[in-house]
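Participant: Take a look at the following structure, please.
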C-alpha cells in the first residue's frame, strides 16, 4: 500500500502486481498410464462329495492362481451347489465351522 490511508485503488494495484495470469488452455499432453489388468483364469476341479466337475472363472495375478492351486492340492475342497445346499440344510445355522 502506498501512504497511510488504505483505498480500494491501492489494494487493487497491489493485487495486480502479485497475481499473474495463468493460461489454462495449453497444448501439453499427459501420458496415460497403462494399468495391468489381471488375466482371467478357468479353474476346473471336482466336488468333494459327488465328484461332479466344477468350473470356476477367476481373475487374479499369477501368484494368486499359484496360491489357490496349492490350497486346492493341500487343504481346500470345493462343493457343488447341490451338495452345498444339502450340507447346509441338514445342520444348525452355524457359520465357518463344523
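Glycine is no exception: its Cβ is also placed from the backbone N, Cα and C atoms.
Pulled from Swiss-Prot, these are the listed features:
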REGION    1-37  region 'E7 terminal domain'
MOTIF     24-28  motif 'LXCXE motif'
MOTIF     65-73  motif 'Nuclear export signal'
ZN_FING   47-83  zinc finger
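Can you walk me through where each of these features ends up in the structure?
Facilitator: Note on the region 'E7 terminal domain' (1-37): its mean pLDDT in the predicted model is 65.
Residue counts for the motif 'Nuclear export signal' (65-73) under DSSP (helix as H, G, I; strand as E, B; rest coil) come to 9 helix, 0 strand, 0 coil.
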